[in-house]
Amino acid sequence: MDGRMLLQASESSQDTAPFFGFIGAASALVFSCMGAAYGTAKSGVGIASMGVMRPELVMKSIVPVVMAGVLGIYGLIIAVIISTGVTPGKYTLFDGFAHLASGLSCGLAGLAAGMAIGIVGDAGVRANAQQPKLFVGMILILIFAEALALYGLIVGIILSSKAGSAAAA
(Lines of atoms letter the chains of each structure in order from A; the text may use other names.)
(Lines give C-alpha, C1' and ligand atoms only; values in the text may rest on other atoms or scores of the structure.)
Protein backbone atom coordinates (compact mmCIF):
# COMPACT_ATOMS: atom_id res chain seq x y z
CA MET A 1 0.00 0.00 0.00
CA ASP A 2 1.60 3.26 -1.08
CA GLY A 3 1.41 6.56 0.78
CA ARG A 4 -1.45 8.02 -1.29
CA MET A 5 -3.70 5.01 -0.60
CA LEU A 6 -2.90 5.18 3.10
CA LEU A 7 -3.64 8.91 3.17
CA GLN A 8 -6.95 8.38 1.37
CA ALA A 9 -7.90 5.57 3.77
CA SER A 10 -7.12 7.70 6.81
CA GLU A 11 -9.06 10.66 5.38
CA SER A 12 -11.98 8.37 4.65
CA SER A 13 -11.98 7.00 8.20
CA GLN A 14 -11.79 10.54 9.57
CA ASP A 15 -14.93 11.34 7.61
CA THR A 16 -16.86 8.30 8.85
CA ALA A 17 -15.68 8.25 12.48
CA PRO A 18 -18.21 10.84 13.73
CA PHE A 19 -21.00 8.72 12.24
CA PHE A 20 -20.25 5.95 14.73
CA GLY A 21 -20.09 8.41 17.61
CA PHE A 22 -23.43 9.96 16.75
CA ILE A 23 -25.02 6.53 16.26
CA GLY A 24 -23.75 5.65 19.74
CA ALA A 25 -25.36 8.77 21.20
CA ALA A 26 -28.61 8.08 19.38
CA SER A 27 -28.70 4.43 20.38
CA ALA A 28 -28.13 5.28 24.05
CA LEU A 29 -31.08 7.62 24.08
CA VAL A 30 -33.41 5.66 21.79
CA PHE A 31 -32.99 2.23 23.39
CA SER A 32 -33.11 3.62 26.94
CA CYS A 33 -36.27 5.55 26.15
CA MET A 34 -37.80 2.47 24.56
CA GLY A 35 -37.16 0.60 27.81
CA ALA A 36 -38.56 3.49 29.83
CA ALA A 37 -41.65 3.67 27.65
CA TYR A 38 -42.29 -0.06 27.81
CA GLY A 39 -41.79 -0.14 31.58
CA THR A 40 -44.08 2.83 32.07
CA ALA A 41 -46.79 1.47 29.78
CA LYS A 42 -46.74 -2.07 31.14
CA SER A 43 -46.70 -0.90 34.77
CA GLY A 44 -49.38 1.68 34.00
CA VAL A 45 -51.69 -1.03 32.71
CA GLY A 46 -51.27 -2.91 35.98
CA ILE A 47 -51.87 0.23 38.04
CA ALA A 48 -55.01 1.09 36.08
CA SER A 49 -56.33 -2.44 36.44
CA MET A 50 -55.56 -2.55 40.15
CA GLY A 51 -56.90 0.98 40.72
CA VAL A 52 -60.41 -0.04 39.76
CA MET A 53 -60.74 -2.26 42.83
CA ARG A 54 -58.26 -0.56 45.21
CA PRO A 55 -57.99 3.15 44.30
CA GLU A 56 -56.31 3.96 47.62
CA LEU A 57 -53.20 2.02 46.45
CA VAL A 58 -52.66 3.90 43.19
CA MET A 59 -50.12 6.41 44.56
CA LYS A 60 -48.23 3.66 46.39
CA SER A 61 -48.08 1.70 43.13
CA ILE A 62 -46.43 4.49 41.10
CA VAL A 63 -42.95 3.25 42.09
CA PRO A 64 -42.43 1.09 38.95
CA VAL A 65 -43.40 4.00 36.70
CA VAL A 66 -40.85 6.28 38.39
CA MET A 67 -38.15 3.62 38.17
CA ALA A 68 -38.88 3.09 34.48
CA GLY A 69 -38.65 6.84 33.85
CA VAL A 70 -35.14 6.95 35.30
CA LEU A 71 -33.96 4.68 32.48
CA GLY A 72 -34.48 7.45 29.95
CA ILE A 73 -32.32 9.75 32.07
CA TYR A 74 -29.47 7.21 31.96
CA GLY A 75 -29.62 7.23 28.17
CA LEU A 76 -29.74 11.02 28.11
CA ILE A 77 -26.61 11.24 30.29
CA ILE A 78 -24.61 8.97 27.99
CA ALA A 79 -25.94 10.70 24.86
CA VAL A 80 -24.79 14.09 26.19
CA ILE A 81 -21.37 12.70 27.19
CA ILE A 82 -20.90 11.16 23.75
CA SER A 83 -22.16 14.14 21.76
CA THR A 84 -19.85 16.53 23.58
CA GLY A 85 -16.94 14.19 22.78
CA VAL A 86 -17.58 14.16 19.03
CA THR A 87 -15.44 17.00 17.74
CA PRO A 88 -14.48 17.77 14.16
CA GLY A 89 -10.86 17.29 13.25
CA LYS A 90 -9.07 14.90 15.56
CA TYR A 91 -11.90 12.40 16.04
CA THR A 92 -10.58 8.94 15.16
CA LEU A 93 -12.27 5.65 14.34
CA PHE A 94 -11.22 4.40 17.77
CA ASP A 95 -13.16 7.27 19.33
CA GLY A 96 -16.18 6.53 17.16
CA PHE A 97 -16.18 2.85 18.03
CA ALA A 98 -15.70 3.61 21.74
CA HIS A 99 -18.69 5.94 21.64
CA LEU A 100 -20.75 3.42 19.68
CA ALA A 101 -19.98 0.71 22.25
CA SER A 102 -20.76 3.15 25.06
CA GLY A 103 -24.14 4.06 23.60
CA LEU A 104 -25.10 0.48 22.82
CA SER A 105 -24.14 -0.79 26.28
CA CYS A 106 -26.20 1.85 28.05
CA GLY A 107 -29.10 1.75 25.62
CA LEU A 108 -29.54 -2.00 25.42
CA ALA A 109 -29.11 -2.40 29.18
CA GLY A 110 -31.80 0.26 29.62
CA LEU A 111 -34.09 -1.58 27.20
CA ALA A 112 -33.66 -4.86 29.07
CA ALA A 113 -34.19 -3.19 32.45
CA GLY A 114 -37.31 -1.45 31.16
CA MET A 115 -38.78 -4.74 30.03
CA ALA A 116 -38.03 -6.30 33.42
CA ILE A 117 -39.44 -3.31 35.32
CA GLY A 118 -42.60 -3.33 33.21
CA ILE A 119 -43.31 -7.01 33.71
CA VAL A 120 -42.49 -6.98 37.43
CA GLY A 121 -44.34 -3.69 37.93
CA ASP A 122 -47.48 -4.97 36.23
CA ALA A 123 -47.61 -8.24 38.13
CA GLY A 124 -46.33 -6.66 41.35
CA VAL A 125 -48.94 -3.93 41.71
CA ARG A 126 -51.75 -6.37 40.95
CA ALA A 127 -50.39 -8.83 43.53
CA ASN A 128 -49.86 -6.04 46.06
CA ALA A 129 -53.53 -5.12 45.77
CA GLN A 130 -54.47 -8.65 46.85
CA GLN A 131 -51.68 -9.19 49.41
CA PRO A 132 -50.05 -6.05 50.88
CA LYS A 133 -47.15 -8.07 52.33
CA LEU A 134 -45.76 -8.44 48.79
CA PHE A 135 -44.87 -4.75 48.50
CA VAL A 136 -41.32 -5.03 49.89
CA GLY A 137 -40.58 -8.03 47.67
CA MET A 138 -41.82 -6.15 44.61
CA ILE A 139 -39.61 -3.17 45.44
CA LEU A 140 -36.55 -5.40 45.85
CA ILE A 141 -37.15 -7.06 42.49
CA LEU A 142 -37.59 -3.63 40.88
CA ILE A 143 -34.32 -2.44 42.43
CA PHE A 144 -32.44 -5.40 40.97
CA ALA A 145 -34.04 -4.76 37.57
CA GLU A 146 -33.02 -1.10 37.74
CA ALA A 147 -29.48 -2.16 38.64
CA LEU A 148 -29.15 -3.74 35.19
CA ALA A 149 -29.51 -0.32 33.59
CA LEU A 150 -27.12 1.17 36.13
CA TYR A 151 -24.50 -1.40 35.06
CA GLY A 152 -24.97 -0.29 31.46
CA LEU A 153 -24.60 3.35 32.49
CA ILE A 154 -21.35 2.63 34.35
CA VAL A 155 -19.89 0.63 31.46
CA GLY A 156 -21.03 3.34 29.05
CA ILE A 157 -19.21 6.02 31.04
CA ILE A 158 -16.04 3.90 31.19
CA LEU A 159 -16.13 3.17 27.45
CA SER A 160 -16.85 6.79 26.61
CA SER A 161 -13.86 7.88 28.68
CA LYS A 162 -11.66 5.63 26.50
CA ALA A 163 -12.39 7.85 23.49
CA GLY A 164 -9.60 10.31 22.93
CA SER A 165 -7.03 8.08 24.61
CA ALA A 166 -5.75 6.79 21.26
CA ALA A 167 -4.73 10.31 20.20
CA ALA A 168 -2.90 10.84 23.50
CA ALA A 169 -0.86 7.65 23.11
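In case you wondered, yes, glycine gets a Cβ from its N, Cα and C as well.
What you see is a predicted model, and the numbers here were worked out from it, not measured in a lab.
Summarising the annotation, TrEMBL assigns domain 'V-ATPase proteolipid subunit C-like' to 23-82 (among others).
With DSSP classes pooled into helix, strand and coil, the tally for the domain 'V-ATPase proteolipid subunit C-like' (100-159) is 59 helix, 0 strand, 1 coil. TrEMBL lists 100-159 (among others) with the feature domain 'V-ATPase proteolipid subunit C-like'.
The transmembrane segment annotation in TrEMBL covers 20-41 (among others). Counting same-chain residues at least six beyond the ends of the transmembrane segment (20-41), those with a Cβ under 8 angstroms from any Cβ of the stretch are 64-65, 67-72, 74-76, 78-79, 82-83, 85-86, 91, 93, 95-97, 99-104, 106-108, 110-118, 121, 149, 156, 163.
Annotation source TrEMBL lists transmembrane segment at 62-85 (among others).
If you look at the transmembrane segment (97-122), the same-chain residues 6 or more away from its ends with a CB under 8 A from one of its CBs are 20-21, 23-43, 45-46, 63-65, 67-68, 71-72, 74-75, 78-79, 81-82, 85-86, 138, 141-142, 145-149, 151-153, 155-157, 159-160, 162-163. Annotation source TrEMBL lists transmembrane segment at 97-122 (among others).
Listed by sequence, the residues of this chain that lie at least six past the ends of the transmembrane segment (134-159) yet keep a Cβ under 8 A from its Cβ atoms are 28, 32, 35, 60, 63-64, 67, 70-71, 74, 77-78, 81, 98-99, 101-103, 105-110, 112-114, 116-117, 120-121, 124-125, 127-128. The transmembrane segment annotation in TrEMBL covers 134-159 (among others).
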Under DSSP, the domain 'V-ATPase proteolipid subunit C-like' (23-82) has how many residues in helix, strand and coil?
-> 57 helix, 0 strand, 3 coil
